[in-house]
Amino acid sequence: MARIGDGGDLLKCSFCGKSQKQVKKLIAGPGVYICDECIDLCNEIIEEELADADDVKLDELPKPAEIREFLEGYVIGQDSAKRTLAVAVYNHYKRIQAGEKSRDSRSEPVELTKSNILMLGPTGCGKTYLAQTLAKMLNVPFAIADATALTEAGYVGEDVENILLKLIQAADYDVKRAETGIIYIDEVDKIARKSENPSITRDVSGEGVQQALLKILEGTQASVPPQGGRKHPHQEFIQIDTTNVLFIVAGAFAGLEKIVSDRVGKRGLGFGAEVRSKAEIDTQDHFAEVMPEDLIKFGLIPEFIGRLPVVASVTNLDKASLVKILSEPKNALVKQYVRLFEMDGVELEFTEEALEAIADQAIHRGTGARGLRAIMEEVLLPVMYDIPSRDDVAKVVVTKETVQDNVLPTIVPRKPSRSERRDKSA
């Protein structure tokens, strides 16, 4: 044990050698002592190392082509949306990196403003999955919020600050890490005001929510209640800066295509105008031609649109794309169910016609890729119920008839092993 012998035995720090009279606190361990000054020094070293680790991650930011290539492994189709998202996400985190470096620079930096993303497109086409895959690749906190549950502060429903609480929870309450995360707000089209004219009456779940979202979208120091706010009014607030949080807001925007079609169709009026048939106008990708004026007419306020400068559109998935989604991505549904059956020692096979029939059903139901799993569950339910109780099945083959006519899948029996045949003959 470390001691000083002049004028009586005094305990001293095992690290710096200072006596208990020279420091404020001396903490004892098994045979060692550490003072408060050495503890502070250790904390500073740890914080510096963690900050250096964060800088390394930013330096290793993947390029747009690498981001798009990663998305290709999980999401089928939607090439335009992938390219738009890849560039927007790269620029966003490059902006954060530039902000970190400018703190150490004496020159006056050019301030880079944030570019949040608006995603348009029908349900079941991959909007949410694209955002989830991006967050997975970048290893940043990710939170999903439903805009329909939000209301203005003081009304029944969720405050917009609850969105930030979900992000903080996803970061395990590491606020610094949460401040570079991604928030995905779905169903944003449901908070559009009822008309493009400003409302005289209070619209607490529409225009009111858009107004409430403006500050956090732009970047502000927000006070977030750790337990949800309204039920616990006296709790301490968590402070979070949303300046570097990337917001991706999305919606199906049903009816927007007609607004775009009407505007695009007017180009055919007057001398020298391009004349196009109604069929040509109807068959084009309307969401790719969306302008701010269309979104205002739909019911989004100009200030809200102004904070979403990047627009990415997804299109309806055709039959060929749905078949690819079933079998090609790294975590494709077919691969997932094949693995489930492997756990029971059974091989699972889908014929090409069966996959096409599943895609046809998803198109007929209008559920897109989101409805594929439900159809697969319906098709495989009878055999998934029976297989665990049987040991005579080697293979299950799902055919077109299984999907269309509710016929049971073809079951290939397992050949008995030599020992089983010997036991049976005996």
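For all residues, glycine too, the Cβ spot is worked out from N, Cα and C.
DSSP classifies CYS16 (Zn(2+) binding site) as coil under the three-state reduction. Shown in sequence order, CYS35, GLU37, CYS38 are the residues of the chain, 6+ apart in sequence, with a C-beta less than 8 angstroms from the C-beta of CYS16 (Zn(2+) binding site). The Zn(2+) binding site feature in Swiss-Prot is assigned to CYS13, CYS16, CYS35, CYS38; the stated evidence is sequence analysis.
Taken from Swiss-Prot, the feature ATP binding site covers PRO122, THR123, GLY124, CYS125, GLY126, LYS127, THR128, TYR129, and the record attributes it to sequence analysis. TYR129 (ATP binding site) falls within a helix when secondary structure is assigned with DSSP. Other Cβ atoms within 10 Å of the Cβ of TYR129 (ATP binding site) number 18 in total over all chains.
The domain 'ClpX-type ZB' feature in Swiss-Prot is assigned to 1-54.
Comparing Cα positions, CYS13 (Zn(2+) binding site) lies closest to LYS127 out of the binding-site residues PRO122, CYS125, LYS127.
Every protein chain shown contributes to the tally, and the Cβ of THR123 (ATP binding site) ends up with 18 other Cβ atoms within 10 Å.
Same-chain residues with CB within 8 A of the center of the CYS13, CYS16, CYS35, CYS38 CB atoms, the Zn(2+) site residues themselves not counted, are SER14, PHE15, GLY17, LYS18, VAL23, LEU26, TYR33, ILE34, ASP36, GLU37, ILE39. Here the domain 'ClpX-type ZB' (1-54) has a mean pLDDT of 77 out of 100.
Taking the binding-site residues CYS38, CYS125 in turn, the residue surrounded by the fewest other Cβ atoms inside 10 Å of its Cβ turns out to be CYS38. Taking the centre of the Cβ atoms of PRO122, THR123, GLY124, CYS125, GLY126, LYS127, THR128, TYR129 as the ATP site, the nearby residues of that chain (Cβ within 8 Å, site residues left out) are GLY121, VAL314, GLY368, ALA369, ARG370.
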